[in-house]
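Here is the structure we will look at.
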Amino acid sequence: CMGRVEILRGQEWGTVCDNSWDLRDAAALCRQLDCGWALAAPGRAQFGQGSGIIWLDQVNCKGTEQVLSSCPARPWGVTNCSHAQDAGVVCSGDSLPPGGQRWKLSAPPYPSAGSDASRLAPVRLAAGPGHCAGRVEVLHNATWGTVCDDHWDMLAAQVLCQQLGCG
């Protein structure tokens, strides 16, 4: 369960802008799709740029909503975004609800990484006393680098711990 977020509204598929898109928003969508919990809420069209209308912008979920459409946002279709800002989601599960869904995750523009988010963006904890403690590092272009702590919070730490199998 990962990909670009797209919404069907009035027979027209459209995307969601990444302005203010975060793990709380992704959590609502993962719940709606019965895909487990949110592991990441990538922006900047990480799963490729969509086309057509951008349906939602400034989505601001609390993190407890059961469906994304119940979250506050700008009015439908009102945005200042381009498709270079399409939102994505990485959920922990690997199944979508059967037929008739009104939301979809578009396939990534590269070979599928499967449902394991760690294969999409490998992470590790370095220089700690064990594999569940240390400095957060991400593998990008065959090089390990650190993660900036701007906006890092307990929710981000919990997601990382789940992704690493550390509780």
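Please read every residue number as a count from 1 along the shown chain.
Just so you know, glycine gets a Cβ as well, placed from its N, Cα and C.
According to TrEMBL, the disulfide bond annotation covers Cys17-Cys81 (among others).
If you take the C-beta of Cys91 (disulfide bond) and look for same-chain residues 6 or more apart in sequence within under 8 angstroms, you find Cys1, Met2, Ala26, Leu29, Cys30, Leu33, Cys35, Gly36, Trp37, Ala38, Leu39. Residues or ranges marked as disulfide bond in TrEMBL: Cys30-Cys91 (among others).
Residues annotated as disulfide bond in TrEMBL: Cys61-Cys71 (among others).
Annotation source TrEMBL lists domain 'SRCR' at 1-92 (among others).
Regional average pLDDT for the domain 'SRCR' (123-167) in the model is 78. The feature domain 'SRCR' is assigned by TrEMBL to 123-167 (among others).
Tertiary proximity for the domain 'SRCR' (123-167) is limited to same-chain residues at least six positions away from its ends with a CB under 8 Å from its CB atoms, namely 23-24, 37-40, 63, 92, 117. Here the Cβ of Cys61 (disulfide bond) has 22 other Cβ atoms within 10 Å, regardless of which shown protein chain they belong to. In terms of DSSP helix, strand and coil, the domain 'SRCR' (123-167) has 10 helix, 20 strand, 15 coil. Most other Cβ atoms within 10 A: among the disulfide-bonded residues Cys30, Cys71, Cys81, that distinction falls to Cys30.
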